[in-house]
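A.B. asks: Structure in structure tokens, see below.
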Amino acid sequence: MNRRLYPGRDYRRAQSIDELRELARRRLPNFSFEYVEGGSDDEFTLARNRAIFQSITLQPRTLRNVGTRDLRRDVFGKPSALPFMVGPTGFNGLLTAGGDLRLAEAAARAGIPFVLSNASTSSIEEIAAIDGIRAWMQIYLYRTRDHVAKLVERVRRLELEAIVVTVDSAIFGNREWDRRNYVRPLQLDLRNKLDVALHPEWVWDVLVPNGVPRFANLGDLLPPGKDSVKGAASALAAELDPSLNWDDIAWLRDIWKGKLIVKGMIHPADAEIALGYGVDGVVLSNHGGRQLDGSVSAMETLAEVARLARGRMSVFLDGGFRRGSDIVKALLLGADAVLLGRAALYGLAAGKGPGASHAIEILRSEVDRTLGLLGCSSLDELSPELIHAPAWRAAAQAVAGHAPHGAGEAGSNLDGRRMPIDAFS
Ligand SMILES: Cc1cc2nc3c(=O)[nH]c(=O)nc-3n(C[C@H](O)[C@H](O)[C@H](O)COP(=O)(O)O)c2cc1C
């Protein structure tokens, strides 16, 4: 049944991430909402990131006393209050003033890590100063390596725990909706200009106080006066380096001794290689369906990667997580934790900082409820037997080191090379 979503404007009345999305859609000008929402090409991967969760059916246990439930998860040996964190997203200042700060504060309040995007409109220094923050910095390996080295030095000085290097964007995905909204690069067309005028609340929040938001961490990379989100696009595009390869990861590993996480791979063979370069973790990701259209969802290679990584590096993933049950399914398949992308942004756009907290709270309560309904008191009790779909269960069993569920056919999913693609129908 197609249910009617909450039609009002009070983010506190949103019952789900989908309802926050609707509020965000109403509050943001079209160009800004499409920027958050869109995928590449025909958006097949964007859709697959959501659809995949439907194929992972669950079979709960009952009568197990789930009177108390513990949602904590250790990430790099330190407790996180929840098994998910806020992932890196650029241009957050276009959703609300100080968008990165508001998101980071929400993450700190919830006791979960926050990953600051390289394309953020707040500086790492501002983020690091937030009380109780556990911040990680996401970087791109731009052509100007000197800039990258200086950024790494800033991260070191601030004693941040981790650097997340995104490797799926050396060539930019084809985002047609984005180009369609402009007559020239970053010059909105008339329709979108009029649409901005129809969103005075957003204009007062975002544009009036400080003008077009500025990139806060890229100062020395951009020509003087070109650090506004509007002015920097061409300079940044020229910095993308399609010759990126594993030597660059070795270089980064050499200059950064803290936790190093590679984000934006999805092939198990790449995860295997990453192990050889001494990285501490990977984020399996197709960039929210914004890069290669046709890519599988990270959920589909998760179990295989978790199996090969077990005890050697952490495995995170993102893409399409909108319900607590989605997060629990990833944990069942061996994820250490999940990164939120749009789910957190919908909350931020719908209700600023408190809206971001509301999004996190919705997902917290959904993870908690799912855990209880499955008959588990803690995340450690999640086990492959709770998955009903046979191919997915076999994949989860392989991660957990259980014997294959029967030989032959099921075994073919367990040889470390094939994934339960057949489970997706
Ligand atoms: C608006 C937006 C901006 C993003 N900016 C970045 C970024 O600056 N760096 C990065 O590594 N990933 C970026 N991503 C990708 C996200 O980190 C994440 O991989 C993706 O959003 C996950 O999919 P989901 O939004 O469906 O949860 C961005 C995604 C969105 C939607």
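Note that Cβ sites are derived from N, Cα and C of the backbone, with glycine treated the same way.
TrEMBL entries are annotated by machine, without manual review.
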A.B. asks: Please state which member of Ser117, Ser122, Ser365 TrEMBL lists alongside Pro88, Thr89, Gly90, Gln138, Thr166, Ser285, Asp318, Gly319, Gly320, Phe321, Arg322, Gly341, Arg342 for binding FMN.
C.D. replies: Ser117
A.B. asks: Using CB under 6 Å from any atom of ligand 1, narrow the recorded positions Pro88, Arg175, His287, Gly319 to the ones that qualify.
C.D. replies: Pro88, His287, Gly319
A.B. asks: Rounded to the nearest angstrom, how far is the Cα of Phe321 (FMN binding site) from the Cα of Lys263 (glyoxylate binding site)?
C.D. replies: 16
A.B. asks: Tyr140 (glyoxylate binding site) to Pro88 (FMN binding site): how many Å between their Cα atoms?
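C.D. replies: Roughly 12 Å, rounded to the nearest whole number.
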A.B. asks: Fill in the CA-CA distance, Phe321 (FMN binding site) to His287 (active site, proton acceptor), as an integer in Å.
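C.D. replies: About 12 Å separate the Cα atoms of these two residues.
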